[in-house]
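Chemist: Attaching a single structure in structure tokens format; questions to follow.
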Amino acid sequence: MPNVVVIGAQWGDEGKGKVVDLLTEHAQVVVRFQGGNNAGHTLVVGGQKTVLHLIPSGILHPGKTCVIGNGVVVDPAVLVGEIDALKVRGFLKDDAQLLISDNAHVIFPWHKLLDSFREKARGGSAIGTTGRGIGPAYEDKVARRGIRVRDLLNADRLRTRIEARLPAALDELKDLCAQAGDPVPQLEVPQILAEFTGLGERLKPFVHDASLYLSGQVRRGARILFEGAQGTLLDVDHGTYPFVTSSNCVAGNAAVGSGLGPTAIDKVMGISKAYTTRVGGGPFPTELHDAIGDQLRKMGDEFGTTTGRPRRCGWLDGVVLRYASRVNGLWGMALTKLDVLSGLKTLQICTAYELDGQKVMELPGDYEDLARVKPIYETLQGWDEQIAGVRTFDELPENAKRYVRRVEEVSGVPVVCVSVGADRGETVLLQNPFRS
């Protein structure tokens, strides 16, 4: 049976949650393999809106198993809150539906404080972090001083590890607070230990060796869907560094972050909006600073799920999509929010860049070069029809069909899914990755 990775092909917020929710019908297991609660997936099912930050989107489907892999950094309080909220609404009736890797790393209060105060200290060169402690938690992981989910279940071990890490974190916080003129937050071992052992008890029924579970599912031929967070251009290695997140968002990390071998993955499906958005700092060649940009933001409800920050909006960037295809090995692409373009008289697609008088077809590796490029646009005619009721490709207005086909040509990736509204049902699935 094929196993499929769903990955963001832009700077995140592409609509991955909706596509994963749609494809979960055909999968048996859904895996989150990187990031933390800096990601937010918004799902609308039957007009009811659900926002998830850590638990995979497939949890809204009864009988599906959702896994939070070892590559995720977990804020236990946020996770417990999501579990409780889902149960109140009638989801997650069986605890066996959710597995948390015992090797996933944990976000502690000092991580969030360091994240916020470091960002404040950057001033005008701020990266745009969410302040959720994601980066500092990954930093501790790589420095081999991190605390994992398994440690929450052993109070003595947890105390030892908090005592080993907290003093250095407090020293840095004192320096940062002195620079900012702020009081130093009070962090003490007994309070942190009590809180996190309590959270560990709440999470204990869900904690497992996720790698062992998933390898067993692969052997049994289960269909597994890997749910990426953020997007390709936010990848710590392949994104617009340093304006990136702290994890690998590309498809290659799906195996590493879930504890499987790379041969377990069969197809990679990229997700792209019909236009482009970005949150926070960093280069954005097709960004619009005009009424059209404002219209895209308003009609697309482009405000961060996690932070509420307004997203920067611009035209679709074919150079970015070609790059995403290259580094992820895209089998196909879902084009989301096509309905947001309804009513625009003309549309533009960036097909290449101009850099220092030269035409550039590929994404520059240096973010300073990317900040200097000028987009080369191709203009297409728009459409006036509202398309939320469309359920087949042939029902789309002719100009909408031409737009989709041109996106395929510019990106080099077939469009296998088109989203025409926020609800799960407002989708045209042209090819099912689990069947074709």
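Backbone N, Cα and C atoms are what each Cβ position is placed from, and that goes for glycine too.
Pulled these from Swiss-Prot:
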- 12-18, 40-42, R311, 337-339, 419-421: GTP binding site (BINDING)
- D13, E14, G15, K16, N38, A39, G40, H41, T130, R144, Q230, T245, R309: IMP binding site (BINDING)
- D13, G40: Mg(2+) binding site (BINDING)
- D13: active site, proton acceptor (ACT_SITE)
- H41: active site, proton donor (ACT_SITE)
- T305, T306, T307, G308, R309, P310, R311: substrate binding site (BINDING)
Chemist: Which entry in the list of recorded positions, K18, H41, R309, R311, has its Cβ near the fewest other Cβ atoms, using 10 Å as the limit?
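Modeler: Across K18, H41, R309, R311, these recorded positions, the one with fewest Cβ atoms within 10 Å is R309.
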Chemist: Using Cα-Cα distances with a 10 Å cut-off, which of the recorded positions H41, T130, R309 are near K18 (GTP binding site)?
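Modeler: Cα within 10 Å of K18 (GTP binding site): H41.
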Chemist: Counting Cβ atoms within 10 Å of each candidate's own Cβ, which of the binding-site residues G12, G15, G40, P310 comes out highest?
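Modeler: Max Cβ neighbours within 10 Å, all protein chains included: G12.
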Chemist: Just checking a number: largest C-alpha distance across D13, E14, G15, K16, N38, A39, G40, H41, T130, R144, Q230, T245, R309 for the IMP site, rounded to a whole Å.
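Modeler: So the maximum pairwise Cα distance among the IMP binders is 34 Å.
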Chemist: If you measure from the CA of G15 (GTP binding site) out to 10 Å, which binding-site residues from the list N38, T130, T307, G308, R309, R311 are inside that radius?
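Modeler: Taking N38, T130, T307, G308, R309, R311 one by one, none has a Cα falling within 10 Å of G15 (GTP binding site).
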Chemist: Near T130 (IMP binding site), how many other Cβ atoms are within 10 Å of its Cβ?
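Modeler: The answer is 23.
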Chemist: List the Cα distance (Å, whole number) between V420 (GTP binding site) and D13 (IMP binding site).
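Modeler: With the alpha carbons as reference points, the distance is 16 Å.
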Chemist: Among the binding-site residues P310, R311, L338, whose Cα is within 10 A of the Cα of G40 (IMP binding site)?
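Modeler: Hits: none.
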Chemist: Measuring Cα to Cα, tell me the gap between T42 (GTP binding site) and R309 (IMP binding site) in whole angstrom.
Modeler: 15
Chemist: Tell me the Cβ neighbour count for V420 (GTP binding site), meaning other Cβ atoms within 10 Å of its Cβ, over all protein chains shown.
Modeler: 26
